[in-house]
Amino acid sequence: MTPAQGPNQGPNPALDRPACRLGVNIDHVATLRNARGGTDPDPVRAAQLAIAAGADGITAHLREDRRHIQDADMIRLKDEIDRPLNFEMAATEEMAEICLQVSPHAACLVPEKRNERTTEGGLDVVGGQQTLTPIIDRLKEAGIRVSLFIDPEDAQVRAAAALGVPVVELHTGAYHHAALSTTPSRIEAAWRAIDEAATLADDLGLEVHAGHGLTFHNVPNIASIPAMRELNIGHFLIGEAVFMGLDQAVREMRRLITDARTGRLV
Ligand SMILES: CC(=O)[C@@H](O)[C@H](O)COP(=O)(O)O
Ligand SMILES: NCC(=O)COP(=O)(O)O
């Protein structure tokens, strides 16, 4: 489907693209900890280990219902890791206050529904400008790099650019579900939506990130999109850590992303 899957056996200089960072989301280390209460496994330790294995940054989502990451985790992450922290949050006053106290490198505004199992869709930036603008402005004034987690749709990308954020993160959940199917046209359509949204965002001067549901299997096609500059990956990596260890899981994801950028056979 993409150049990364061509017949070449080694790096192809013609496909050299700017590096694409790997952000590791450690939410589900906290899910496991919270299953029993107490302190183990420690998401901060997981973050440090992920960094040692090649993660360029750490993402954590402080949900309004605190089902996994807790406020104290965010504070410790900021203090105890030496890579950029990406604070995922709903666009609410409560979360803005906490984010300002933590003062992370970046904040990614995501939609939240109390009863959802995970983040089901992207932010409605088109219809939500009035709510989003004051939160974005406060975070930006504090020097926090704001991104908007959006579906890969033309109108959402344009609305994000109009709000003056520097970054969009494209929701790859629909692509994840399509990639589980065996219908090539469905996979192709879901991938094309991300490719087109990424290209548009890049043309509009936005830095392009993506994430949600990315795995060893589906990451190469997303990482090979030229405009892609960061992928945030959590649930699959923490699950895979059960089998191969977090260190190896992060190293393998890092390798797949790098290979997809340079056109090595994946
Ligand atoms: C916003 C997003 O897609 C994920 O980063 C987020 O962490 C999902 O929330 P859960 O980890 O609670 O599924
Ligand atoms: N923003 C996406 C993210 O941080 C990780 O999502 P997932 O890999 O846990 O689905």
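From the backbone N, Cα and C atoms, a Cβ is placed for every residue, glycine too.
Note that the structure is a prediction, hence the values are computed from the model and not measured.
According to DSSP, Gly213 (3-amino-2-oxopropyl phosphate binding site) sits in a coil region rather than a helix or strand. Feature annotation from TrEMBL assigns 3-amino-2-oxopropyl phosphate binding site to Asn25, Arg36, Gly213, Gly234, His235.
Over all protein chains present, the Cβ of Arg63 (1-deoxy-D-xylulose 5-phosphate binding site) has 20 other Cβ atoms lying within 10 Å. If you look up TrEMBL, you'll see Asp27, His28, Arg63, His68, Thr118 marked as 1-deoxy-D-xylulose 5-phosphate binding site.
Among the features that TrEMBL reports, active site, proton acceptor is placed at His61 (among others). For His61 (active site, proton acceptor), the number of other Cβ atoms no farther than 10 Å from its own Cβ, over all displayed protein chains, is 25.
If you look up TrEMBL, you'll see Glu88 (among others) marked as active site, proton acceptor. Contacts of Glu88 (active site, proton acceptor) defined by a Cβ separation under 8 A and a same-chain sequence distance of 6+ are given as Asn25, Thr59, Ala60, His61, Leu62, Ala107, Cys108, Val110, Phe149, in order along the sequence.
Residue density at Glu169 (site 'Transition state stabilizer'): 30 other Cβ atoms are found within 10 A of its Cβ, drawing on all protein chains shown. Feature annotation from TrEMBL assigns site 'Transition state stabilizer' to Glu169.
For His212 (active site, proton donor), other Cβ atoms within 10 Å of its Cβ number 24. As annotated by TrEMBL, active site, proton donor applies to His212.
Proximity to ligand 2 at the level of Cβ atoms, with a cut-off under 6 angstroms, picks out none of the binding-site residues His28, Arg36, Arg63, His68. Of the listed binding-site residues Asn25, His68, His235, the Cβ environment within 10 Å is emptiest of other Cβ atoms at His235. Each of the binding-site residues His28, Arg36 was assessed for Cβ neighbours inside 10 Å, and the highest tally belongs to His28.
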